[in-house]
Amino acid sequence: MIAVFMAVLPTATLDVKLLARAGLHHYGPYSLLMLFIYCLDNRCAPSPETALPISSLFPFVYFMVRDFHIAKSDQDIGFYAGYVGSSFMFGRALTSVFCGMVADKYGRKPVIMIGTVSVVVLNTLFGLSTNFWMAVATRFLLGSANGLLGPMKAYAVEVCRKEHQAIGMSIVSTSWGIGLIIGPALGGFLAQPAEKYPKIFSQNSLFGKFPYFLPCFCISLFAVFATISCLWLPETLHKHNELQKDAHDSSEDIEASSSSAGLKEYIQESEEKEASSNESLLKNWPLMSSIIVYCIFSLHNMAYSEIFSLWAVSNREYGGLSFSTQDVGQVLAVSGFGLLNVLSVSITTGLLLLQNNAVEQHQRGAANGISMTAMSLAKAAGPAGGGTLFAWAQKRQEAFFLPEDHMVFFVLNLVEFLGIVFTFKALQALPKK
């Protein structure tokens, strides 16, 4: 919306006045570096803070489930580990649309702050879990209260001019990617500290009795700082409305100038577009097609992370690598710098831009809520389905067709191929401007 004003109005008069009234800055092509620093410092702290509780789990979830003594055999550990990983996403799927509607009505900032506070409390409780059901319950509640990612995407689009929206969205995606690098490192190096660092942590200490509490505690501590930083996070929803109000109030003065026709025509088009956009978001094919592709890649991403971690730590006699939590953390952290993570961030950024540009501003929170619900369901199905598939594959060691874990990675490649095919469908459904 701000970008259109900047394109229509004369840069020496009304644009600066309206932006100043709304409390927004004029980001020009020479201030991209300042925009990046400002967004990284203030806008994107919650994004890696959301990725950390998800990615830090993978290096130690196998050992955590093993220590709960709920699996009857080593081959069944992957089955239960999948449900621990998917419970977070299933909880978030139930509340994402509601959080998006709240963000559209009351603003982006309250939803973001509630999400960061939930990480502080519930992620700490997860690290203190003493049985399988407590772990699943705390992860489910954490996902249910963590609906900030959808409003965060809308925020990144609204705070930037149109020519800078790709940068703003890529910063959110990049910060998520950074979380996927730091998270496995935290989980791998800090889990089971009494065994790895006996000179620092004794078996009788808190971290010895709860071997998976230390990485969760560090993430919760980071979430405390993210919550404090959100206090200075400016709201965008009401500023957008103020900007529209200022434009209408000033329209009579502008009509006398030669440039008033552009603004008047834009305001009329905006009102017509807003009225037409009140139809159901589920009938918006450009939006829904990009969400479908987003779900497919999300399912593959979570399933791959879960299956790789289980495969790496499983016993060699079952086709695994017998890695430790530290080994898995190192591999996942290093691979985060690789081509796979770069492609993942690029795909996510492009799909988020397609989704947010397919709807108007007053529907953006709800649209991202629908996207988050569908994506969360896909990501919930990824670990649960991947863990079940992995447990089944480990019991077919002597199969003729794709024995052991070969079947698992074959299915993952099929899902990725399906995502590539649907990508062309999404690009063909781009909205007409």
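Placed from the backbone N, Cα and C atoms, the Cβ positions cover glycine too.
Here is what TrEMBL records for this protein:
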DOMAIN    1-433  domain 'Major facilitator superfamily (MFS) profile'
TRANSMEM  77-103  transmembrane segment
TRANSMEM  110-126  transmembrane segment
TRANSMEM  171-192  transmembrane segment
TRANSMEM  212-233  transmembrane segment
TRANSMEM  291-311  transmembrane segment
TRANSMEM  331-354  transmembrane segment
TRANSMEM  366-386  transmembrane segment
TRANSMEM  406-427  transmembrane segment
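Taking Cβ pairs closer than 8 Å, the transmembrane segment (110-126) reaches residues 46, 49-50, 53, 99, 102-103, 135, 138-139, 141-142, 145-149, 151-152, 155, 213, 216-217, 219-220, 223-224, 226-227, 230, 233 in its own chain, all 6 or more past its ends.
When the stretches 77-103, 291-311, 406-427 are ranked by Cβ pairs under 8 Å to the transmembrane segment (366-386), first place goes to 77-103. Cβ atoms under 8 Å from those of the transmembrane segment (291-311) belong to residues 55, 58-59, 61-62, 77-78, 81-82, 85, 89, 319-321, 328, 332, 344, 347-348, 351-352, 355, 370-371, 374-375, 377-379, 381-383, 385-387, 389-390, 405, 408-409, 412, 415-416, 418-419, 422-423, 425-426 of the same chain, restricted to positions at least 6 beyond its ends. Tertiary neighbourhood of the transmembrane segment (406-427): same-chain residues 286, 289-290, 292-293, 296-297, 299-300, 303-304, 307, 311, 351, 354, 386, 389-390, 393, 396, 399, selected by CB-CB distance under 8 Å and a gap of 6+ residues from either end.
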